[in-house]
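Student: Before we start, here is the structure in question, set down as structure tokens.
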């Protein structure tokens, strides 16, 4: 047995334990009765420890360096590169720091659930200070190992290959046109008439509609499910992908588009290369690329004129008791393309969303690089919300800097993925439109050609290439924010 | 840290991995789409191996013998006894035999699913021969370790403390009266008129009825769920007990009583001592005692006149479109106490059920003790079915010796638990009736006193006492088959 083979066996084992964690995590969010939570938490912590031990197993250092000397195919070499990355990320942080951060994160998140409701920044800030400090320590250790800035080292956990120099460029460009564009769109939409949904949209009916959209979008129900959870997510494993949504019986609009979003995540997972199942090179490439698939499904396909038009008849069929004017194609299209600056990132439309991300990026970058203190966050938030979106959050912490869960457990570096995903998605759509008549595919209900492109250019690539290579290979150019700008302009102006 | 403390930490860890196995096993049977099965199977096999490694960890031999010398409370000593038992059971069989039996069992079970449908004894017998042979090897090794007969060693896996000498006595007694009693009951019931259910009993309505019965029987929905699977079972963990049923929309009778049966299993698990959670002394005592709780709920409570009477109004309310005569108390009572010898054990009523078990007991005992060959099974089956139930199974293997899954994977020694459970249940009810007015409890819908008795005498005992001690302590006497005979006589004659 070669060292490379030993490694693939080890990582296959690791993947099987990750499979168990995915199933039990999904169950916890969707099925578990409240009273089961303590024992489940203990069982999952035990499993997380075991997974950490497998990721940092002492023999791996030798095996990885020995395997480097073996003759490997391009794919095997990519797999070894990803194994090394996984091992390095897990080993570089001392166990006591891992544990301290995990405990501080749990404490902060737990308290945050109440403190956010009470708009209690003072109370929150003591826990938050601890999480920031431990995350700064983590970032510094990773930075030393990666020979980069502290923030770039955190960014690398979610979006390998992207650094803040690149983000400064991308977001800097976007800043020059996003605010005026948003203003223009709002002015244009000001005179638009539309009807807000009202009436009873029963869960069963919404579920039927959601499953119809999933089927249309090629979701494989033999390898996945749709369920309910309070925070929608895509979980499970590539051969059994579990997506969730939440239903509001007074409005189906959000839930339907939420399902379409998660279906994009799901198809990426379902489409990963089976020949590399369980191996790091067979995993989804990055958080940003994952988000590009959900946003491709939601923003590029789902909210397009053609797609809304294709869904309209079915929406009317599922809700026969609802006023047809409210469910007309024209009205649905307006509902699904409404632009409105607001406090909350997760409720934002695709035009204002990037501003929420830029703001978080600038704050978390400077926090990790120790250029600002956790105390500066509310003022910076207020200042930037005013500048980017004209929104006043002074004193409103709960709809301001306390709105997201990400910083409570120290996931600094995650936020940029959302907007990178939107940019990737627009660039993919531009590339697809140069070879496929997308509107015609949607009108005829046959999206196969679009999915075939995504499958061969993205899903089947797993983590074999770097993100930059994948983008270039798929679209013929490096990440170019211009596609995103053109997409917004053509849809909204 | 004492050795005993080291052991409790080790067994707590083991329990947390068993928790993961229980959740993922439940998911596999209830939620998982078909396409997820291969990866799930691999993940669960990996987990089973890890659990086996924990059960046989090399340090345990020392720790167990050192802990024996430490000063322990009665409960701690019981826990140590159960730890030792678990360790010995897992370590005594060589790993290659464990693996060979597991593979042969999978092969046999897989082929059986088709062979049973085709009534193919010839095909089945080649796989079955292999399973019998490997189980005989296992039984001999266990027998040597336990200093008992081969069959008794297998029995000990499911019903510790019970041996074939005791079973020969219990079943020998039963044989003298069960066949004539069955005959008498059938004659008595021959002239009875009753109406078979017909109409549509929608799944949602049956589910509502089932949950009503579960609530009446004290099932804690904060620590459990009801779902659907093709083979009903009770799974999960004590703080999150998952029971399942299957629904036939043309008949609600079986599903309702199935739910009541599983609720008995569930309440035992929910009622286990929290102070011993995750420790072997805190587990359910035995398969027979587990079955005693499901049969107490189903047979002693569920099918009693008083309970059927108490359920009738709700049954009528849930199915308002169904003929009231069919759902009358008198008719329901007849449906729920109909006695009819038949081929299939799982469909048998409580009067004929023990004959199915005695037959299997006599055959599996002689198989493990190598007094008969696997080739003798069909003829013995035919002969005993004729003698005990007057049923002819000649040539009908699929409804004869090929009907159960138990022998396909070598679970020899399991069957007696079912009838031991029925005997324990009758004895518990006799003891309860000597201190509680059970009918009045049921009539007033307040079963709390009955559950309090079960909780304090059985559930809260976990595995602290042996089964024999528990029975004696709870009922004032050793297992006495007379209670079961009197129960049948008073209900059916």
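Every residue gets a Cβ built from N, Cα and C, even glycine.
Grabbed the feature section from TrEMBL, which reads as follows:
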- A:261, A:265, A:291: Zn(2+) binding site (BINDING)
- A:262: active site, proton donor/acceptor (ACT_SITE)
Student: Return only the integer: C-alpha distance in Å from residue A:262 (active site, proton donor/acceptor) to residue A:291 (Zn(2+) binding site).
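Tutor: Checking the Cα atoms of residue A:262 (active site, proton donor/acceptor) and residue A:291 (Zn(2+) binding site) gives a distance of 9 Å.
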Student: Taking the centroid of the Cβ atoms of A:261, A:265, A:291 (Zn(2+) site), which other same-chain residues have Cβ within 8 Å of it?
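Tutor: Other same-chain residues with Cβ inside the cutoff are A:234, A:262, A:264, A:290, A:293, A:294, A:295, A:297, A:298, A:421.
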Student: Near residue A:262 (active site, proton donor/acceptor), how many other Cβ atoms are within 10 Å of its Cβ?
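Tutor: A 10 Å sphere around the Cβ of residue A:262 (active site, proton donor/acceptor) contains 26 other Cβ atoms.
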Student: How many other Cβ atoms are found within 10 Å of the Cβ atom of residue A:261 (Zn(2+) binding site), counting all protein chains shown?
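Tutor: Taking all protein chains shown, residue A:261 (Zn(2+) binding site) has 23 Cβ neighbours within 10 Å.
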Student: Which of the three DSSP states, helix, strand or coil, fits residue A:291 (Zn(2+) binding site)?
Tutor: helix
Student: Around the Cβ of residue A:291 (Zn(2+) binding site), how many other Cβ atoms lie within 10 Å? Please give the count over every shown protein chain.
Tutor: 25
Student: Determine the Cβ neighbour count for residue A:265 (Zn(2+) binding site): the number of other Cβ atoms within 10 Å of its Cβ.
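Tutor: So the number of other Cβ atoms within 10 Å of residue A:265 (Zn(2+) binding site) is 23.
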